[in-house]
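Report on one structure; see the data block that follows.
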Amino acid sequence: MTAEHFPVTELAKDLISRPSVTPLDEGCQTLMAERLSAIGFNIEPMIFEDTTNMWARRGNQGPVFCFAGHTDVVPTGDISRWHTPPFEPTIIDGYLYGRGAADMKGSLAAMIVATERFVTKHPDHQGSIAFLITSDEEGPFINGTTRVIDTLEARKEKITWALVGEPSSTLKLGDVVKNGRRGSLTGNLTIKGIQGHVAYPHLADNPIHKAAPFLAELSQMHWDNGNEFFPPTSMQIANIHGGTGASNVIPGALEVMFNFRYSTEVTAEILIERVEALLKAHELDYDISWIFNGLPFLTGDGPLLDATRYAIHQVTGYDTSPQTTGGTSDGRFIAPTGAKVLELGPVNATIHKVNECVKVDDLEQLALCYEVILEQLLC
């Protein structure tokens, strides 16, 4: 059997062919549920507004090993720039092309196939295996994993270890696993002024001029030094808007959106206090609101990281590098429950781009890694 016809490749193609642009699922979870139900999983759909979620579990005892992931994908972008139609999975020169190939339908296929193989070999495995799948990871993440976790917490159902299938690898499969993520905090700031004619500045109050010294100081502030696991906290101004578009009107307000990616050396509360103290020091008239996107988390040495290191070495022959760089993932909603969380998935070079693709051989290797991890933890 060639790699093009491995079970993991066939399942990945079936998932990719479903145009599940967030928050749509387009039957992906039904397909997964059918495969899992056939090997003894209890399937629990959880529908919250426009979002399709699935909690599937095999076993009633702890520890609970959970595969976590998402069936939704980002929009395709300009279809004319794709070599092949984004929802018609195509293999070219050993790569599987299609939206979601790397992020993260390839991982979902590898999870299912690995679990099928594991259960066939070890029908009386220890503990429980679970799947937490959502169609709201690429969107506003309001009705997805966070709502499922709330449901599980309310009935005191705990996850021991969670493996998220996000594309963690950089140059080759398994070279990087994410064993933590920085926290994310967004500020939406409005600096108030008085609109007027540019020829009569004494009758107006320009919020851009007033805010400029504050923004300059904010952008130069030192927040912390990071630590051995996390880089220093960073702040980036993402959007600035002021004015009517006319050259002869002083704007009445300036809107600024900025985002922190912060380490465990600070808290969101400390960052908020420092920003608002700076606003007051510059004597600005302002409104500000804050969006908490996720707390930082870290999974150190222990059974999950040990099993993942071992699996990658056994399958690929090289050692992995645990890192906390990059954006946020749904792991940030699982970690606060006390679960240990890691991310392991394909190479991320083409995610969210046109011509997204994944190496076909990598999908089979990823399934093998997942299977070895299960064996290390539940046998």
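Here the Cβ of each residue, glycine as well, is placed from N, Cα and C on the backbone.
Database features (Swiss-Prot):
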- His70, Asp103, Glu166: Zn(2+) 1 binding site (BINDING)
- Asp72: active site (ACT_SITE)
- Asp103, Glu138, His352: Zn(2+) 2 binding site (BINDING)
- Glu137: active site, proton acceptor (ACT_SITE)
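All features noted in Swiss-Prot, drawn onto the structure.
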{"residue": "His70", "record": "Zn(2+) 1 binding site", "DSSP (3 states)": "strand"}
{"residue": "Asp103", "record": "Zn(2+) 1 binding site", "DSSP (3 states)": "helix"}
{"residue": "Glu137", "record": "active site, proton acceptor", "DSSP (3 states)": "coil"}
{"residue": "Glu166", "record": "Zn(2+) 1 binding site", "DSSP (3 states)": "coil"}
{"residue": "His352", "record": "Zn(2+) 2 binding site", "DSSP (3 states)": "coil"}
Notebook entry, point to check: By CA distance, which of the recorded positions (His70, Asp72, Asp103, Glu137, Glu166) lies nearest to His352 (Zn(2+) 2 binding site)?
Noted result: Asp103
Checklist line | Neighbouring C-beta atoms (10 Å sphere around the C-beta of His70 (Zn(2+) 1 binding site)) | finding: 33
Next item on the list: May I ask for the distance between the residue listed as 'active site, proton acceptor' and Glu166 (Zn(2+) 1 binding site), taken between their Cα atoms and rounded to an integer number of Å?
Entry: 11
Notebook entry, point to check: Setting His70, Asp103, Glu166 aside, what same-chain residues sit with their Cβ within 8 Å of the center of the Cβ atoms that define the Zn(2+) 1 site, listed in sequence order?
Noted result: Gly69, Met104, Ser107, Glu137, Glu138, Val164, Gly165, Pro167, Ser329, Gly345, Ile351
Next item on the list: Specify the count of other C-beta atoms within 10 Å of the C-beta of the residue listed as 'active site, proton acceptor'.
Entry: 27
Check: Which residue, out of the recorded positions Asp72, Asp103, Glu138, Glu166, shows the minimum number of other Cβ atoms inside 10 Å of its Cβ in this structure?
Finding: Glu138
Notebook entry, point to check: If the Zn(2+) 2 site is taken as the center of the Cβ atoms of Asp103, Glu138, His352, which further residues of that chain fall within 8 Å of it by their Cβ?
Noted result: Val73, Val74, Gly100, Met104, Ile351
Check: In whole Å, how far is Asp72 (active site) from Asp103 (Zn(2+) 1 binding site) when you measure between their Cα atoms?
Finding: 9
Check: Including all protein chains shown, what's the count of other C-beta atoms within 10 A of the C-beta of His352 (Zn(2+) 2 binding site)?
Finding: 14
Next item on the list: Between the Cα atoms of Glu138 (Zn(2+) 2 binding site) and His70 (Zn(2+) 1 binding site), find the distance and write it as a whole number of Å.
Entry: 8
